[in-house]
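**Student:** When I checked TrEMBL for this same protein, it listed these features:
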REGION    1-21  region 'Disordered'
TRANSMEM  36-56  transmembrane segment
TRANSMEM  76-95  transmembrane segment
TRANSMEM  102-121  transmembrane segment
TRANSMEM  141-159  transmembrane segment
TRANSMEM  166-189  transmembrane segment
TRANSMEM  216-236  transmembrane segment
TRANSMEM  266-285  transmembrane segment
TRANSMEM  305-322  transmembrane segment
TRANSMEM  334-352  transmembrane segment
TRANSMEM  364-391  transmembrane segment
TRANSMEM  403-424  transmembrane segment
TRANSMEM  430-449  transmembrane segment
Amino acid sequence: MGAGSSTEAEREPLLVPSHAETNSPPVNSRVYGRRWLVLTLFSLLGLMQGMVWNFWGPIQNSAVHAFGFSKSDIAVLVLWGPVGFVPWLLFMWLMDKKGLRASLLLSAFFMLLGAALRSIPLTDQPLRRWLIHGGQFLNGLAGPTIMSAGPFLSTTWFAPDQRATATAVASLFSYLGGAASFVVGPLVVPAPNDTQAGTTMSAAVSDSSIRDRIQLVMYAELAAIAVLFAAVLLYFPSRPPMPPSVAAASQRLSYRSSICRLLSNVRFLMIALAYAVPTGVIAGWSGVLDMVLTPAKVSQVDAGWIGFWSIVGGCVFGVAMARFADSIRGMLKLILVLMLAGASLSSTWFTLTCLSRYTHLPSTAAILYTSCILVGIFINSSVPIFFELFIETVYPVPEGITCGVVTFLGNLVTGLLLFFLTFYCTDLSWLNWCLTGSCLFSLVLILFFRESYDRLYLDVFVSV
């Protein structure tokens, strides 16, 4: 496995009977029905974390009127998600040493505190804006666990022929939360477009109505997070009584050895960049999709539906591809090549369509819908496939640490993109070109990547 190859000693299972033979069936592994409850609780927390993170972008026009936010403020509110990944090493250490329960409980507490903080109905608008920013930051602190622990959960609880599917569900529900906010926000919160020509009094009444609707959504999200926090507190075991596979019971590298192994493995760094660049760019791009589509005269509601279907399509297609990868193993690179080729073509199509005054390409609502949705489908559906390939490439590095590194890199890219957006928010055509370039860059890296399947080898050829 190149610079990151594992040794036979590292592959040796922890639970090995003294009389075990190579061809004997596994006797110390078992899957439990409760794994679906664990997966459901984790996924629903991811759903709510994604909804809170992407709350302000789809209703940015309404937020400007209700709270006096500027476009730079909206970009900063989205930026708090990537900023929350700054202490990612702490969360990965906690997951490695104390288990998933401790790390998830801390993340859920941050989500609950952040949702409560931004829901305080103060009349002092400057102070209220600070509380909203603080709430978004606390929600961002839940990101390192929510977005990177899916593969760790799937290996700990699920059999080898269900791992990729479980990884897809756990990883993509946070994206689904972002998709839900594209619909919930614009449908519940009225757009201020019809208040511009009215009197001062009617505008004031309209702004008050917008604030009330925003407050209603924030209260609803607070209640949902409180219920999920209570459920995780009552029941969320770190691991089952018996492991579901040989890989789940096998010896892993220590925390420090894992970090050194990852940073010295050129093949891992290669696919880490292939993952982080396009997913980081599309996360920042979709967070301000309303601003991107405004020059094309797409309304706030229509932009919300475009963002919704692009992410939902990516989630559905991602689960389907993960199920395909579970049934036909050893095809992860080929699946990624096809996905990234589709993302490159569709993002180029969308970018050129937005520049129709120069390219003279037809620019209709149907074309913008189709190209934008295809970009989201191809990039978002690649996330669980990337995660599975990471784990196979660097095994026996623990899953939580591996995916923590790559999600940190992805959010670093998102943070840099949104940072530049706070300064260059007038003409956003450069953002579309960044999306296209990121897809092409990732495709080239994957084409030159040499895949390997160390974890799959352990589960197929070694029996406990």
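Any Cβ shown, glycine's included, is placed from N, Cα and C.
Just so you know, TrEMBL annotations are computer predictions that nobody has curated.
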**Student:** Can the transmembrane segment (36-56) be said to touch the transmembrane segment (266-285) if we require at least 3 CB pairs below 8 Å and skip pairs under 6 apart in sequence?
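**Tutor:** Not in contact, no.
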**Student:** Could you check whether the transmembrane segment (364-391) and the transmembrane segment (266-285) come into contact, where contact means at least 3 Cβ pairs under 8 Å with the two residues of each pair 6 or more apart in sequence?
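**Tutor:** Yes, the stretches contact each other.
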**Student:** What else in the chain is close to the transmembrane segment (102-121), if you only count residues 6 or more beyond its ends and a Cβ gap under 8 Å?
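**Tutor:** For the transmembrane segment (102-121), the sequence-distant neighbours (Cβ-Cβ under 8 Å, at least 6 residues beyond its ends) are 42, 45, 48-49, 52, 91, 94-95, 128, 131-132, 134-139, 141-142, 144-146, 149, 215, 218-219, 221-222, 225-226, 228-229, 232-233, 236, 238, 400.
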**Student:** Flag the pair the transmembrane segment (430-449) / the transmembrane segment (141-159) as in contact if three or more Cβ pairs fall under 8 Å (sequence separation 6 or more).
**Tutor:** no
**Student:** Using Cβ distances below 8 Å and needing 3 or more such pairs, separated by at least 6 in sequence, tell me whether the transmembrane segment (166-189) contacts the transmembrane segment (305-322).
**Tutor:** yes
**Student:** Which residues of the chain, 6 or more past the ends of the transmembrane segment (266-285), have a CB below 8 A from one of its CBs?
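**Tutor:** Distant contacts of the transmembrane segment (266-285): 1-4, 78, 81-82, 292, 336, 340, 343, 375-376, 379-380, 382-383, 386, 389-390, 393-394, 402, 405-406, 409-414, 417-418, 421, 431-432, 434-435, 438-439, 441-442, 445-446, 448-450.
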**Student:** For the transmembrane segment (216-236), could you work out the same-chain residues 6 or more beyond its ends whose Cβ comes under 8 Å from its Cβ atoms?
**Tutor:** 37-38, 41-42, 44-45, 48, 51-52, 55, 100-101, 104-105, 108-109, 111-112, 115-116, 118-119, 184-185, 188-189
